[in-house]
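Participant: The DNA-binding region annotation in TrEMBL covers 135-238. Feature annotation from TrEMBL assigns domain 'Response regulatory' to 6-119. If you look up TrEMBL, you'll see 135-238 marked as domain 'OmpR/PhoB-type'. Among the features that TrEMBL reports, 4-aspartylphosphate is placed at Asp55.
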Amino acid sequence: MSIVTRVLIVDDERGIIEVLEAYLERQGFEIQSAENGVEALRKVKSFEPDLMILDLMLPDISGEEVCRLVRMESDLPILMLTAKSAEDDRINGIVIGADDYVTKPFSPREVIVRVQAILRRTQKAPVQAQTQPENGILSFNQRHLTIDPLKKEVLVGDELVTLTPIEYKLLTNMADYPGRVYSRLDLLEKIQEEGMYYEGYERSIDTHIKNLRKKMEVDSRTPEYILTVFGMGYKFGGKKDVANPSR
């Protein structure tokens, strides 16, 4: 991430806080925590988090009440984390203002994916809307690579490249932010968001990247666009053209 994203974890179980802290800090997030609702409300104001992970069952005031109070003053993204799994409880969490809902026991990996999905929906979309060319078409390296999001077409030179939906999703999301490093988990989340169903593991991203390179790189062994950042993941290496072509 280009800037540090702050996450507030609110849970009365210290062990859960420590597990989530470890996983989220590994992804580059700045973390603070609270073990009750009163402390959570105080830290929402002092810490000014970009997202809050909120347990429904707290020792003083309920997570629902914390969510309601926060929603009265802020549109802070909230991920509900709770042992309650009944449908009515899940629906109620969304109705009172939660952006998503995870039930215990949970996978830390799933929590991270959901956190990143919420942040992309609430933070990234406006940036993309401002930077998207008027005709929607992106071109790179003096029009050597052209992406038409309306037609979902990719041209390398004058050749139309046929990509799978997953390959297209990987390419377009990386191309939106040239030079930004994406971990495998980041890319997996990109595939899973916006309703795209995918059950692959993080390492399966490598296979899709390999296939993508074969289709669009002049030499997949020395790629120009889809670059490996050793120990971290991948980034898009194309240089965005100032003026994009009209079609």
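Cβ atoms are placed via backbone N, Cα and C, with glycine included.
Describe the structural surroundings of these features, if you would.
Facilitator: Broken down by DSSP into helix, strand and coil, the DNA-binding region (135-238) contains 36 helix, 23 strand, 45 coil.
Per-residue pLDDT, averaged across the domain 'OmpR/PhoB-type' (135-238), gives 85.
In the three-state DSSP reading, Asp55 (4-aspartylphosphate) counts as strand.
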